[in-house]
Amino acid sequence: MGKVFVFDHPLIQHKLTFIRDKNTGTKEFRELVDEVATLMAFEITRDMPLREIEVETPVRKSKSKILSGKKIGIVPILRAGIGMVDGILKLIPAAKVGHIGLYRDPKTLKPIEYYAKLPSDVEERDFILVDPMLATGGSAVEAINSLKKRGAKHIKFMCLIAAPEGVEAIKELHPDVDIFIAALDEKLNEKGYIVPGLGDAGDRLFGTK
Ligand code: URA
């Protein structure tokens, strides 16, 4: 069964409060999402494998550790996921970035893929799929389907705020995917917004309404 990690680090929680605040403007909102994405990336990469090399310090030769060259792919779900990419890239600059775009079919309300572009070596990469909000889980489940269909074997899902419904959907349909969140909120309202949430993440990131 996939694990759920809630990052209760004080810096993440502090910044998240201002991200939630409706009086936070677009510029500050974007900067805060970027900063929280960096902090979350620090935690999410805790299990990255290391190998030892020899290094010569000014004092003597020594063995020391470096990342063992694991290939990482970051995949934002369009469009709000884009707001988290640069923050992760600050810590993992060698990662490649794919994109998955989904829209909701007005009749069935199911997410339909309209765009997918991934690094060519999908099977060799560990993927971090990102979307600030995990609401019903429909988009996240479909994006994971899309990654797996193209050969992805190791996927982590990272978001700022999740609703219990979304977490359950991923756990049930993709039990191999671990979920990393900054806050687990109460519920979804009748319009599909997370309560208390932060409103529409895409609109707040890009200044649209
Ligand atoms: N997407 C958002 O941007 N906000 C929500 O509350 C739910 C889904």
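Each Cβ is built from the backbone N, Cα and C atoms, and glycine gets one as well.
The domain 'Phosphoribosyltransferase' annotation in TrEMBL covers 6-208.
Here the Cβ of Arg79 (5-phospho-alpha-D-ribose 1-diphosphate binding site) has 16 other Cβ atoms within 10 Å, regardless of which shown protein chain they belong to. If you look up TrEMBL, you'll see Arg79, Arg104, Asp131, Pro132, Met133, Leu134, Ala135, Thr136, Gly137, Gly138, Ser139, Asp200 marked as 5-phospho-alpha-D-ribose 1-diphosphate binding site.
Around the Cβ of Asp200 (uracil binding site), a 10 Å sphere holds 15 further Cβ atoms from the protein chains shown. For Ile194, Gly199, Asp200, Ala201, the entry in TrEMBL reads uracil binding site.
Geometry remark: Ser139 (5-phospho-alpha-D-ribose 1-diphosphate binding site) versus Gly199 (uracil binding site), CA distance 17 Å. Screening the binding-site residues Arg79, Asp131, Gly137, Asp200 for a C-beta under 6 A from any atom of ligand 1 leaves Asp200.
Ranked by CA distance from Ala135 (5-phospho-alpha-D-ribose 1-diphosphate binding site), the binding-site residues Ile194, Gly199, Asp200, Ala201 have Ile194 at the top as the closest. Using a 10 Å radius centred on the Cβ of Ile194 (uracil binding site) and all shown protein chains, the other Cβ atoms total 28.
Secondary structure from DSSP puts Asp200 (uracil binding site) in coil.
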